[in-house]
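Taken from TrEMBL as is:
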- C:21-524: domain 'Cytochrome oxidase subunit I profile' (DOMAIN)
- C:34-54: transmembrane segment (TRANSMEM)
- C:74-95: transmembrane segment (TRANSMEM)
- C:116-138: transmembrane segment (TRANSMEM)
- C:158-183: transmembrane segment (TRANSMEM)
- C:195-222: transmembrane segment (TRANSMEM)
- C:242-266: transmembrane segment (TRANSMEM)
- C:278-300: transmembrane segment (TRANSMEM)
- C:306-329: transmembrane segment (TRANSMEM)
- C:350-374: transmembrane segment (TRANSMEM)
- C:386-408: transmembrane segment (TRANSMEM)
- C:420-442: transmembrane segment (TRANSMEM)
- C:462-484: transmembrane segment (TRANSMEM)
Amino acid sequence: MWGEYMSSKSVMTLLGSATLALYSSMAFSLDETSKYFHPQPQSVIAQETYDQHILALWICLAIFIVVFGVMFYSILKHRKSTGYKAANFHHSTVVEIIWTAIPLLILIAMAFPATKTVVAMKDTSEPDITIKATGYQWMWGYDYLQGEGEGISFFSKLSTPVAQVKGTEAKGENYLLEVDNNVVVPVGKKIRVITTANDVLHAWWVPAFGVKQDAIPGFIRDTWFTANKPGVYRGQCVELCGKDHGYMPIVVEVMEADKYTQWVADKKKASAAVVNTAAVGN
Amino acid sequence: MTQGVTKINLEMLKKLLIFSVIMFGFGYALVPMYEKFCEVTGINNLLQPDVVDKNIKVDMTRTIAIELDANVRGLPWQFKPLQSNVKIHPGESLEVMYEISNVSDQEISGQAIPSYSPRFLEKYMKKFECFCFTKQVLKPGETRQMPVKFVIDPQIPVDVNTVTISYTFFALQPGK
Amino acid sequence: MAVVQDVHGHHDHHPSGIMRWVTTTNHKDIGTMYLWFSFAMFLVGGFLAMGIRAELFMPGIQILEPELFNSFTTLHGLIMVFGAIMPAFVGLANWQVPLMIGAPDMAFARMNNWSFWLLPVAGMLLVSSFFVPGGAAAGGWTFYPPLSAQGGMGVDMMIFAVHILGASSIMGAINIITTILNMRAPGMTLMKMPMFVWTWLITAYLLVLVMPVLAGTVTMLLTDRHFGTSFFNAAGGGDPVLFQHIFWFFGHPEVYIMILPAFGIVSEIIPTFSRKPLFGYSSMVYATASIAILSCIVWAHHMFTVGMPTVGQLFFMYATMLIAVPTGVKVFNWTATMWRGSMTFETPMLFAIGFIFLFVIGGFSGVICAIVPIDIQVQDTYYVIAHFHYVLVSGALFAIFGAVYYWLPKWCGRMYDVKLANMHFWLSMIFFNVAFFVQHFLGLAGMPRRIPDYSLQFADFNMISSIGAFGFGLTQLFFLYIVIKCIRGGEKAADRPWEGGNTLEWTLPSPAPYHTFETPPVIK
């Protein structure tokens, strides 16, 4: 008696346009250069992750269209207002087996490439350079442990002025994503990142490299990346670490090998007297 | 009838009370039970040297690169390995040195906690001697060099060729 | 008026005024109180959400200082999970389980009263923790140590509140299990029970399984904070990651605790308005049970970035992906139930279809999050926020709205204003998507969760999201108006207001009398 309030047309139009809106917004975001999607992948792992995500999206879209195609057809046609009489079937073992098996196969297809990537992500062996990233409340400390640049050690703090945060000054281009000392690495070299923390959990994330690793006080964890192209890549701490969790970005600057050598020389000269960061307690 | 119910309820109450007392006691019994359990299984064996089979064979065909790392949490100390990395053959015993110095003007004690990457290294790393087996007490301004003697079990999976050994010193409360 | 009634005696007399509610052992009264409590908490949690979205409306710090912002996100999560969604489902179970299985009341009527009255105490603790020195807990609703070891008294209040809520949930769950297993009408075998009852039975087992684990975790946290233990402290030989393992061993079944009863509700509504029996009843039961079992072995997919061994990551990835299978079966079964039915689209049906539509999107993002490399990219970003709001708001909450509209005529004997209720649905649907769909892209583009301020590239989508959230929040006040209007003076509802309703509650008069099924009905 109340059911006919919503006309079939309006239900269909609204739901249909909602679907379209959802997926068309996804479509414009699939453009690789869009700021609303993954940052452009800059390492093998990031590229594989990106490809798997696109594959997963297409699979989801296909399932979505099939399932909701059937459902909306049914909503449109099988309604009381059009005088449709209800059938009375309530199970079919064959159909149920089929729609249990098909998703299973699809999942296997999705899990296969993912497994390969997971194994690759874990392979931190034989790095060219090892860098330790230590999370502090609220900044990052970096120590170059091994490889070219061994012994370099510095802190990396947010360099955005407080006035920009408070809104008394116009916000700069890299608002909240800029630091005083960038982590510098050479292009094309395998960089192993060891993470640990001084006080609470933090997490080291650079989206363009597909690298995210929690930093745990008292323990070390590791991950790795090899940057494809010189440039500046930005990330943030992604594990809630207290008041200024939103204010401890990560900036990785990737340089050509010779420029990197130059940077190492400069850094060594400048910081001949720098104390090991390991000594800095809180 | 009411009396019957009261009786049943009292019985139940008695049983529940006994149960609560047993559970409370069990809570205390857990402490020695866990200790025994860890002793038998060798879990959390942080403070004792490992026993190593004397006939362990050195696997000369493989080389493992070991990176050494040091951290200090909440102590006015400096702590670093004297060599940043070493290469060894599995089965070979090795000694590496760490150095700590107390830069404050107070006597302070600390305890080092090891951490490994990859994490399963813990299973294959046999330590005969380590500064982490006991707490370290440093006088004001004191600097101390301390060894870690260990061997890596040749059973370690073949695809492992780079590992990191890390120690973190934590402050111990005075009196501990 | 403080006469304690002998519940076995004078059935038609009960205290009136406030004492009726304080001393009641009637499942309908308690159910009503659960639902109102849940709605009150929903408004509190919603207020916090509005605060969060207002701060995130623009880059920069405008309204909430970072520490207070963290308290807002923490308490928003805790209050919505433990204060709004869970009590709402328990309230629905209190009202409907006895009615649907033909039982006169819940099995443990006095315990039922106690398990409700614990809730306001816990709720007060959570809310008042904002006003103690040091402020409310600010370590996220997952309160990971060591951060949660740093907070002040607010954290202890939260721990105490979680203990009380846990005790209440365990009692509620035991009550529901006992009622369902022992008090079904003659002839109602387990496999003849309505789906809502089935899903609640399974949910109740999950609750009994995991709530003690949560209690254990928060107790360990408490002793770490105050009694010198080192469960989660590396300095004493403990491990912060241990907390995450234990927490998520509770936490993952917990999310199914919040969605399985929603599956049950939808499985009631869809057949009613399709005028056709539920397709694949037994496979629905098995799917629910397998989801519950699988939910206990997937917890570490919340922790793919803590640096687990490869084998661990792969195991939890496969197990998590496997959950998509029984969940898919449910969606297919609902579609097949609608197929060749004779459908009408009353408000409950709109919410049920909205549920399926949006829950599937949440399910898709769930599968995507299960894939380790992608999860490592989106872990702790707005993508995850979008994912779990799709399953908990448009999943659990939409199902609760559907349930309220579905059973309101039975509860108060009056029909709600259909026009307004449908408007409530459409506004919720639109604003919800405006608020949360864009968050997927924010996460993919790199915006971490739990930050009070963000870089400029995220500005426009955050503004859209905030506008959607404000709209969604206001719409829920509108829901309050609809319900009050219905109770005050809606049109008289028929005993069976829905043509296709075949479960036992529709055989009762509307509104349902204070005592029902004193003589059990007989099921053929």
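Glycine is no exception: its Cβ is also placed from the backbone N, Cα and C atoms.
The recorded stretches the transmembrane segment (C:74-95) and the transmembrane segment (C:242-266) share 3+ CB pairs below 8 A when only pairs 6 or more apart in sequence are counted, and are therefore in contact. Counted over residue pairs 6 or more apart, the CB atoms of the transmembrane segment (C:462-484) and the transmembrane segment (C:34-54) come under 8 Å in at least three pairs, which marks the two as touching.
Within the chain carrying the transmembrane segment (C:350-374), a Cβ under 8 angstroms from the stretch's Cβ atoms is held by residues 262, 265-266, 269-270, 273, 301, 304, 313-314, 317, 320-321, 323-324, 327-328, 331, 334-335, 383-384, 386-391, 394-395, 398-399, 401-402, 405, 422, 425-426, 428-429, 432-433, 440, all 6 or more beyond its ends. Tertiary neighbourhood of the transmembrane segment (C:158-183): same-chain residues 74, 78, 82-83, 86, 90, 93, 97-98, 101, 103-104, 106-108, 111-112, 114-116, 118-119, 121-123, 125-126, 129, 136-137, 143, 193, 197, 200-201, 203-205, 207-208, 211-212, 214-215, 218-219, 221-222, selected by CB-CB distance under 8 Å and a gap of 6+ residues from either end. Confidence for the domain 'Cytochrome oxidase subunit I profile' (C:21-524), expressed as mean pLDDT, is 94.
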